[in-house]
Every structure is written in C-alpha cells, then in structure tokens.
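See structure below.
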Amino acid sequence: MTSYSLPFKSSGKEMAASGELAGKIGLLKKEMNAIVLAHYYTLPEIQQVADVVGDSLALARAAEKNSADVIVFAGVYFMAETAKIINPDKLVLMPDLYAGCPLADSCPVGEFRAFKQRHPDALVITYINSTAEIKSLSDITCTSSNAEHIIRQIPEERTIIFGPDRNLGGYIMKKLGREMLLWQGFCYVHEAFREACILQACRENPQAELIAHPECREEVLRHAAFIGSTQALLDYTVSAPASSFIVATEPGILYEMQRRSPKKQFIAAPKDPENPRSVCKQMKQNTLEKLYQCMLDRSPEIIVPDDLRVLALRPIKKMLEMS
C-alpha cells in the first residue's frame, strides 16, 4: 500500500498549459465579477483556481454569502442547482452540465412522493445530494456535516423520513438511537469500500488510523477511528496526533489533506475488486479546459423554474437556520 502522491502527476507541457489556462481564468473572474466554487472531490488543478474549496455545506454557505455577479460551480449538478436556488438573480455556470450525481438520481420524484404520502405525518429530511424536485417535497435539507446536529433538534416522538442515502441515515440512526424511515439510495463511491479490503489495508499499514465518511457501509464504519463529513475528516487529519491515515472517502480530498499536512501519510482506502468504483467520475468531469470555456461562453447556465425554486428554497433555508 502506498501513500497518495501530490498532485496527480502531469508532464511539463501539461503543467505549462494548465498554468496558462489558470491565468486566463483569473482574468475572466475579474472581468465577470465571478466566484469559482469547487468541491474537494474535483481535480487538483480545479481546486487550485477556485476561490472557495469545500464540502457541500461550506459551498452552500459560500453560494449564499458572496457579492459576485456570476457563480461558477465545479462540482456535480445538484450543487450548482442549489446555488441557483439560493441565488435566482445571479448567473450560475457549470463546466459540464452532464456531471450528475447517481445518488441524487436514485430518488425519482414520483416514487419519493408516493413514499412520503404513505407516511403523511412524517417530517421529511433530505440530504443535499438530491434534486430540486426532491428538495421541494422536503421540510429540511441537510449535509453530512450537519445531519446529526439537525436531527438532534427534532423531537424523538416525531417520525422522520430520511433520504436518499441509506448509509448516512443508518449511521445517524445508530448514533442517536432513533428510528427513521430510510430511502434506499447510496453513493457508489462509498459503497465500493468493503470490510475485507479495508481490514487488509489496516493489516498492511498498522501505524495508520482508518477514517471514514458516513456514506460508507456500516461494515466499514465499525472499524473507523473517526467518522465524519469530508470537512470533518480533513480537520481531523490536521489536528490528530497520528501521522498516517487510511482514508475511506473519494480520494480527491487527499490533495487538500496532503497540502495541509505535508509531513503526514495519506492512503486511499482500497476498493472492492468486484466493484472498482471508488473514484467519482462525475466530479472528475470538471476540467480546467471546461471551466475556462464555460466562463468564456457564459454557458452552460443552470436554470431552475421559479415555482420549483421557491419550494426547494424552503428546506435549504431551514437547514442554514438550524446549522
């Protein structure tokens, strides 16, 4: 097992081209009064040109509180859509409109509406990794950073529908000791980590602490020294005395972990050989070339119909208030 090397290696010619594009993006940001928001799972060269790099909660807050005229969102579709819901009067751009989220897509609006109708008295809390249509059916939205905090504020006698991620929901149920009605969606990246492979990595690296995202399966979480959101995992690696970590989440975060703690070792958790999908290919669809082109063309633009936007905004605002 080897540590993650920083960053993804490029040739001298590729680095020069990236540097030239980064310079052009910087000029366009000034001309357009634009802010570039990027998720930790995007490529290092995207993170390097972003004004804000963060997890879903940090990026939602950054989308809410900025003075830019244009928001360029390097992430997946629901993130840019959320930024547009919060900022209806701003131009919101996305480098690749087809960078979707299979977790969000695993919750079809018709099926979820029927699920909700079967439990009319339930409070509906949905993960931010969901479509605007699903948010419009929800009472509160949450992220992996604040889900536990929000659910602790709900009276225990109140029935909760939680979706679409069953693993995050199951983790919260176990931690808080309360039942919830779970939608059976999952993130394919985190679902790819399996107990046998994780334990093998721990045996090969006995000095390393296993840290894991709560979207992982319970069979992985039970072995983790620390469980937390992407931001919480990052913060933990900075403050923890350990010098080596096996990281069970999308490996894009290892770039920032290594940048903040250059003397520490970060090992990307191994994936199940029969399910080799522990990298989010949708996040990696955001390239520097696409970022530059979308700013130059002012397209593709995120558009959310106003009637849908108003309904989807309510649970987002509730989340930000409760956080």
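The backbone N, Cα and C atoms fix where each Cβ goes, glycine too.
Residues or ranges marked as iminosuccinate binding site in Swiss-Prot (evidence: sequence analysis): H39, S56, Y127, I128, N129, S144, H213, P214, E215, T230. Its Cβ taken as reference, N129 (iminosuccinate binding site) is surrounded by 28 other Cβ atoms within 10 Å in the chains shown. Look at N129 (iminosuccinate binding site): DSSP puts it in coil.
Classification of C187 ([4Fe-4S] cluster binding site) by DSSP places it in coil, neither helical nor stranded. What Swiss-Prot records for C101, C187, C280 is [4Fe-4S] cluster binding site, and it gives sequence analysis as the kind of evidence.
Within 10 Å of C187 ([4Fe-4S] cluster binding site), counting C-alpha to C-alpha distances, fall the following of the binding-site residues H39, Y127, H213, E215: E215. Sequence-distant contacts (6 or more apart, same chain, Cβ under 8 Å) of Y127 (iminosuccinate binding site) comprise L103, T141, C142, T143, S144, A147, F162, G163, P164, D165, L168. Of the recorded residues, C280 ([4Fe-4S] cluster binding site) and E215 (iminosuccinate binding site) place their C-alpha atoms 13 Å from one another.
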